[in-house]
Amino acid sequence: MKKSWTWTWRVPAELLLLCAALGCLCVPGSRSERPRSLEPTVVNRSLAKSRHSRSVDATPMPIDCELSSWSSWTMCDPCQKKRYRHAYLLRPSQFNGEPCNFSDKEVEDCATSRPCRSQVRCEGFVCAQTGRCVNRRLLCNGDNDCGDQSDEANCRKIYKKCHHEMEQYWAIGSLASGINLFTNSLEGPVLDHRYYAGGCNPHYILDMRFRKPYNVESYTPQTQGKYKFALAEYESYSDFERNVMEKTYSKSTFNLGFKIPSIFEFGINTESDQLMNYISRTKRFSHTKSKFLHARSALEVAHYKLKPRNLMLHYDFLQRVQRVPLEYSYGEYRDLFRDFGHHFITEAVLGGIYEYTLIMNKEAMERADYSLNDVQACAKNDFKLGAAIEEVYVSLGVSTSKCRGILNEIKDRNKRDTMVQDLVVLVRGGASEHITALAYSDLPTADLMQEWGDAVQYNPAIIKIKVEPLYELVTATDVAYSSTVKQNMRQALEEFQGEVSPCRCAPCQGNGVPVQKGSRCDCICPVGFQGSACEITSRKNVPIDGRWSCWSRWSSCSGGQKTRRRQCNNPAPQDGGSPCSGPASETLAC
């Protein structure tokens, strides 16, 4: 069961009221030649601090990384004078198993009499090192239009069009990056947002002069006059996980080989310490009688939109795409995705998100005759905030004595068994010192929240995105045989998706969350569990929640449709654990 409330005040007052209410709460802290490890050995990040014993399952046997045998060599590429072969990751290493300390691809020189026809016609100036084709009117204009300064070489005179210094849009470098949706990470640059095509009209934001890149259609600042805060109550961890956790870090439901039509929230990097801490501490209460109060505030700073066509690619990405073999070799295209991601951002919302989860002991609340409604009401009643926030007094029918009782419960939580079990914070946007102060200390003060909001203006995070597959950037304007390269990238993306999914990991114990990092799998353990498989714990008879297996391959097209399936057996639910959420099958038109 879920209950939601949403309200708006002029400043982050509503959220801070609850912060004030809880302000005294402390936050706890095969070939004989084998194909190189992509990651270091496993380091368990569990925060458990008490004495533990090994569970009945005990430590699982180490799983060694395993690659397939080598593919056949490709034909000799007539332009690169090289041939290629690769190996697939059959099984990631796990539980301190042997890593793959060897390469999963090989390239060697070769000779061929076939002609190279890789040149793309350029009617302008061909840049010396980057190979970019630019209009001759951009020569000697004071801008590095080529990316290698060759357009500014041997100039008798520089005809500079921009006579005033102008700033770059906030986060514009990140917006030019490719994106890996499996890990929620930004990779290498695929677009050149330092290319202006001679444009020099200033764009004023907050009395600052910005120069609009050629690739950008719009960059629209958002007014910070009002903030909306949403507060939602979840009666169980399964409800909380489905509605909050999966949206925070999981994109497993996307079929990444196709366009994703709508804008969606950009999750937190799955390898970040902040997310691992969040998962570990909330997962601890997956089978306790707890209620979850989740509060979330999103601050939007700017909306970004990319031009729909005729984009200037970053020269590093362009050169890599121009070098991939025309004969399909998964290893080369896989490396392209590893370095540059597999999608790029076409629209984005920039800003910051502050969210916290208050975990309450349901039985203790019932014994004391309190509800989460009481906590919310007290948070909005009779609290005076700092000078940066105007005083707000709201009477919601809760007695003063009851509010004081709630506050005393919170204040004394470390001295006796109280209602409040934990408070876990996630912050995105703002300078790093503000993120650290918010996420790893007590609840923020009004002044600190105001500082964070100011910092978000100049250091925004990407909080929502709309994306397209990377192969959509490959056009005949830049790449010879672009249709072949595009089809190869499309095919490689489907294979890449199957190779990097955490469903390939063996189950962790104690409801640990498996994550795949390169060629190994790690377990993020709930607080109270540790070990490479989360097998060391003092807790007994813990119900095990179900997790999905990997998707099957798509069926052949029949009646205009194709289907794929998965099973809830990795592991299956045990001892009263929750079943898998989401569909067991998917169907697409074909």
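Heads up, residue numbers simply count up from 1 along the chain you see.
Backbone N, Cα and C atoms are what each Cβ position is placed from, and that goes for glycine too.
Of all Cβ atoms in the protein chains displayed, 24 besides its own lie within 10 Å of the Cβ of C65 (disulfide bond). Swiss-Prot lists C65-C100 (among others) with the feature disulfide bond, giving similarity to another entry as the kind of evidence.
Among the features that Swiss-Prot reports, disulfide bond is placed at C76-C110 (among others), with the record citing similarity to another entry. In this structure, C110 (disulfide bond) belongs to neither helix nor strand by DSSP; it is coil. Around the Cβ of C110 (disulfide bond), the same chain contributes C76, D77, K81, K82, R83, each under 8 angstroms and 6 or more positions distant in sequence.
Around the Cβ of C116 (disulfide bond), the number of neighbouring Cβ atoms within 10 Å comes to 12. Feature annotation from Swiss-Prot assigns disulfide bond to C79-C116 (among others).
Taken from Swiss-Prot, the feature disulfide bond covers C122-C133 (among others). Its Cβ placed at the centre, C133 (disulfide bond) has 16 other Cβ atoms within 10 Å.
Summarising the environment of C127 (disulfide bond), the number of other Cβ atoms within 10 Å of its Cβ, over all protein chains shown, is 20. Under the heading disulfide bond, Swiss-Prot lists C127-C146 (among others).
Within the same chain, residues at least six positions away from C140 (disulfide bond) with a Cβ under 8 Å of its Cβ are D151, E152, C155, R156, K157, I158, Y159. Taken from Swiss-Prot, the feature disulfide bond covers C140-C155 (among others), and the record attributes it to similarity to another entry.
Taken from Swiss-Prot, the feature disulfide bond applies to C162-C200 (among others), supported by similarity to another entry. Taking a C-beta cut-off of under 8 angstroms and a sequence separation of 6 or more, C200 (disulfide bond) has the following same-chain neighbours: K161, C162, M166, R211. According to DSSP, C200 (disulfide bond) sits in a coil region rather than a helix or strand.
Per Swiss-Prot, disulfide bond is recorded for C378-C403 (among others), and the stated evidence type is similarity to another entry.
What Swiss-Prot lists as disulfide bond is C503-C550 (among others). Cβ contacts within 10 Å of C503 (disulfide bond), excluding its own Cβ and spanning all protein chains shown: 15.
Residues annotated as disulfide bond in Swiss-Prot, with similarity to another entry given as evidence: C505-C521 (among others). Within 10 Å of the C-beta of C521 (disulfide bond) we count 25 further C-beta atoms, all protein chains included.
The disulfide bond annotation in Swiss-Prot covers C508-C523 (among others). DSSP gives C508 (disulfide bond) a coil state; it is part of no helix or strand. For C508 (disulfide bond), other Cβ atoms within 10 Å of its Cβ number 28.
Summarising the annotation, Swiss-Prot assigns disulfide bond to C557-C590 (among others) and lists similarity to another entry as the type of evidence. Listed in sequence order, C557, G560, Q561, K562 are the same-chain residues six or more apart from C590 (disulfide bond) with CB atoms under 8 A from its CB.
The feature domain 'LDL-receptor class A' is assigned by Swiss-Prot to 120-157, with sequence analysis given as support. Remote same-chain partners of the domain 'LDL-receptor class A' (120-157), defined as residues 6 or more beyond its termini with a Cβ less than 8 Å from a stretch Cβ, comprise 192, 194-198, 312, 314-315, 318-319, 322, 476-480.
Look at Swiss-Prot and you will find 158-504 tagged as domain 'MACPF'.
The domain 'TSP type-1 2' annotation in Swiss-Prot covers 545-588 and rests on sequence analysis.
The C-linked glycosylation site feature in Swiss-Prot is assigned to W70 (among others); the stated evidence is similarity to another entry. In the three-state DSSP classification, W70 (C-linked glycosylation site) falls within coil.
C146 (disulfide bond) is 42 Å away from C521 (disulfide bond) when you measure Cα to Cα.
When secondary structure is read from DSSP and collapsed to three states, C162 (disulfide bond) falls in the coil class.
Spatially close to C146 (disulfide bond) yet at least six residues away along the chain are F125, C127, A128, Q129, T130, R132, V134, E152, judged by Cβ distances under 8 angstroms. Annotation note: C503 (disulfide bond) sits in a helical segment as assigned by DSSP. The glycosylation sites examined here are W70, W73, W551, W554; by Cβ neighbour count within 10 Å, the least packed of them is W73. Taken residue by residue, the region 'Disordered' (557-590) breaks down under DSSP into 0 helix, 12 strand, 22 coil.
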